[in-house]
Amino acid sequence: MTNEPVSVMFKMYCLSVMTLVAATYTVVLRYTRTISSTAMYFSTTAVCITEVIKLLLSLGMLTKETGSFGRLKASIVEHVFWSPKELLKLCVPSVVYAVQNNMAFVALSNLDAAVYQVTYQLKIPCTALCMVLMLNRSLSRLQWFSVFMLCGGVALVQWKPAEATKVQVEQNPFLGFMAIAVAVLCSGFAGVYFEKVLKSSDTSLWVRNIQMYLSGIVVTLAGVYMTEGAQVIEKGFFYGYTPWVSVVVFLASVGGLYTSVVVKYTDNIMKGFSAAAAIVLSTVASVTLFGLQITATFACGAMLVCVSIYLYGLPKQDTTKLPRADTESRQKLITV
């Protein structure tokens, strides 16, 4: 599917919003888990509410796509109530995404937002590996080089993580890194699995989202009561919620859906710039809000990650089609 022709200003708008959402989400989530003086909320309930909001937004988009309430109802009945196998198929990414989203809270409770933003780019090699294994895709030499460069950059960042002086809660950097490791593995697998499901039929993207979010609500609700059930029953589902927590839930809800718009109207190079810009914004915000002390290894590692993201997004060069001049010269050499 080719991208619809849109103006450069619209592309820049999409990328600006995506960058702000990505950077703001990590910074605000970090703030609510480490700086906020109010009672600590239950992260599992925030993940569950996020799934509910995503479901409502997807229903709204499907309503717009179908054009009438009658067609909306028929589509839901056909693809949800009469398609139990499809629902079970979408349970797989639902469980994986639920684990990923909960790991984000664990990671940002133990790592600075800038360190998290850089390290989370490991999702690129994880996704690339899953694409090779599950979709039989191939990577160019430049992409493989950028993958190894990215891993080297993350290793530098984690070698001596930058410390935040204004964070008063106890942190475990190793636990935070392990949480990111689980999150990026989940992100890579779930993203490629969902793409494979989408391409296996002509079912609407919003129908697939509804199927996945319905399963996600059940999975995350079960997670709430399996991990923090007694405390939730005692203190309430929305215990510790503040306006900042609501911002976290809102950004998590719209971020995933907005990404699909960006993917449709932009290319990998612009997405790479967006990811690099989000790293820079998160770093500036962390220095200002959390007293992050930038080290030489962090700066070098972050730079390597930004460059590798750009290189990975460069379009592949088609070597199967030689320029006409080269072809003619080869033919002359053969006849000599």
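Quick reminder: no glycine exception, Cβ is built from N, Cα and C everywhere.
A TrEMBL annotation is a machine prediction, not a hand-curated record.
Listed features, source TrEMBL:
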TRANSMEM  12-32  transmembrane segment
TRANSMEM  38-62  transmembrane segment
TRANSMEM  142-159  transmembrane segment
TRANSMEM  174-194  transmembrane segment
TRANSMEM  206-226  transmembrane segment
TRANSMEM  238-261  transmembrane segment
TRANSMEM  273-290  transmembrane segment
TRANSMEM  296-314  transmembrane segment
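Using a cut-off of 8 Å between Cβ atoms, the transmembrane segment (296-314) and the transmembrane segment (206-226) share fewer than three residue pairs, counting only pairs 6 or more apart in sequence. 12-32 is the stretch from 12-32, 142-159, 238-261 with the greatest number of Cβ pairs below 8 Å to the transmembrane segment (273-290).
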